[in-house]
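Participant: In case it's useful when we look at the structure, here is the feature table from Swiss-Prot:
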type: TOPO_DOM; residues: 1-77; note: topological domain 'Cytoplasmic'
type: TRANSMEM; residues: 78-98; note: transmembrane segment
type: TOPO_DOM; residues: 99-116; note: topological domain 'Lumenal'
type: TRANSMEM; residues: 117-137; note: transmembrane segment
type: TOPO_DOM; residues: 138-198; note: topological domain 'Cytoplasmic'
type: DOMAIN; residues: 155-205; note: domain 'DHHC'
type: ACT_SITE; residues: Cys185; note: active site, S-palmitoyl cysteine intermediate
type: TRANSMEM; residues: 199-219; note: transmembrane segment
type: TOPO_DOM; residues: 220-266; note: topological domain 'Lumenal'
type: TRANSMEM; residues: 267-287; note: transmembrane segment
type: TOPO_DOM; residues: 288-377; note: topological domain 'Cytoplasmic'
Amino acid sequence: MRGQRSLLLGPARLCLRLLLLLGYRRRCPPLLRGLVQRWRYGKVCLRSLLYNSFGGSDTAVDAAFEPVYWLVDNVIRWFGVVFVVLVIVLTGSIVAIAYLCVLPLILRTYSVPRLCWHFFYSHWNLILIVFHYYQAITTPPGYPPQGRNDIATVSICKKCIYPKPARTHHCSICNRCVLKMDHHCPWLNNCVGHYNHRYFFSFCFFMTLGCVYCSYGSWDLFREAYAAIEKMKQLDKNKLQAVANQTYHQTPPPTFSFRERMTHKSLVYLWFLCSSVALALGALTVWHAVLISRGETSIERHINKKERRRLQAKGRVFRNPYNYGCLDNWKVFLGVDTGRHWLTRVLLPSSHLPHGNGMSWEPPPWVTAHSASVMAV
């Protein structure tokens with residue numbers, strides 16, 4: 001803040017000094033002398049209200065954009081409910097189309113083993129999507145306890161003015177600190193943190209699988225429906241011409257029923273929606289998978305990137321203290337302790353708690369010795 005004020009007041013201060021050097025007090029008219037006095041008085045008043053020796057350009061920018069930050073935070077907070085309803089409505093529409101439009105078609109064409117496979121896989125995928133989305137919305141991400149002095153803290157939150165454990169960050173939308181905060185997700189209307197990070201990623205992963213399954217499985221139906229829609233457009237065009245030219249005894253051209261029209265349009269809608277979501281959400285899922293493999297969150301990636309550059313300039317190597325190795329990172333993230341847990345905790349709905357309490361980050365006992373040595377560096 002002080003740097004910006006000096007930049008703005010520099011030319012005015014230079015003019016005042018020139019006037020002093022030229023002896024303005026004897027030669028300048030009283031009007032100019034009064035303006036100079038008012039300028040000095042205004043500068044003293046401004047400094048008495050705004051001057052802060054601890055401030056800087058970053059403080060000035062934050063203060064200037066504070067109304068914008070407040071508007072964005074409050075808009076996202078209210079739009080989160082709209083986004084959650086939108087996800088539920090769109091997902092429900094795909095399920096309804098699958099039962100009302102796709103199922104009657106495949107019952108007439110698919111064999112019994114193929115029908116059984118699609119039946120079990122689609123319902124397994126749907127159950128996992130619904131379970132993880134519900135858990136991601138309703139599970140609190142985890143907050144540091146207030147009033148306790150026995151927790152290991154790294155710094156003090158500038159917003160909450162409370163001790164902040166490692167990997168904890170302040171969410172301006174929720175207006176509180178979150179343990180192992182990854183980001184605030186408007187599609188969940190919730191922060192993604194220590195206790196619901198697994199639910200968020202699992203929802204993204206299984207939703208991507210479901211969209212890819214629907215897009216690939218309905219490709220033939222989509223092509224037939226798209227061709228039928230084009231044929232409907234041509235028939236409607238020919239019908240208008242025939243009505244204009246037909247005689248009283250001529251039969252009007254055949255047309256599609258309302259149910260056939262809605263079925264074809266629904267199949268096209270299903271394919272386009274699932275394909276677009278598969279691409280967008282698939283890219284997001286891959287990105288978070290890379291971060292999990294590195295033992296980072298979205299926020300920590302930017303922090304570690306700056307720290308890596310700072311240490312590289314000093315000729316030193318940065319090591320992420322929370323990186324146990326790719327496989328062990330996934331075990332910690334998914335809460336997998338034994339081989340059986342890959343089935344019961346990953347491929348089936350499970351509400352088990354993650355490792356640790358989100359405030360201290362000691363390596364689990366089954367982490368390899370190499371990972372433990374990395375933690376000690």
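Glycine too: its Cβ is placed from the backbone N, Cα and C atoms.
A description of the local structural setting of each listed feature is requested, covering burial, neighbours and distances.
Facilitator: Note on the topological domain 'Lumenal' (99-116): residues 218, 221, 263, 266-267, 270 of its chain, located 6 or more positions outside it, place their CB under 8 angstroms from a CB of the stretch.
Sequence-distant contacts of the transmembrane segment (117-137) (same chain, six or more residues past either end, CB-CB distance under 8 Å): 84, 87, 91, 95, 98, 106, 110, 185, 188-190, 192, 196, 199-200, 202-203, 206-207, 209-210, 213, 217, 349, 351.
Here the topological domain 'Cytoplasmic' (138-198) has a mean pLDDT of 88 out of 100.
A strand conformation is recorded for Cys185 (active site, S-palmitoyl cysteine intermediate) in the three-state DSSP classification.
For the transmembrane segment (267-287), same-chain residues at least 6 beyond its ends with a Cβ under 8 Å from one of its own Cβ atoms are 90, 93-94, 97-98, 101-102, 201, 204-205, 207-208, 210-212, 214-215, 218-219, 221-222, 224-226, 229.
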Participant: For the transmembrane segment (199-219), find every same-chain residue at least 6 residues outside the stretch whose CB is under 8 Å from a CB in it, and list them.
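Facilitator: Same-chain contacts beyond the flanks: 94, 98, 102, 118, 121-122, 125-126, 128-129, 132-133, 135-136, 139, 182, 185, 188, 192, 267, 270-271, 274-275, 277-278, 281-282, 284-285, 288-289, 292, 333, 346.
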Participant: With DSSP helix as H/G/I and strand as E/B, how many residues of the domain 'DHHC' (155-205) fall in helix, strand and coil?
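Facilitator: Helix, strand and coil residues of the domain 'DHHC' (155-205) number 9 helix, 16 strand, 26 coil.
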Participant: For a three-state summary based on DSSP, what are the helix, strand and coil counts in the topological domain 'Cytoplasmic' (288-377)?
Facilitator: 46 helix, 0 strand, 44 coil
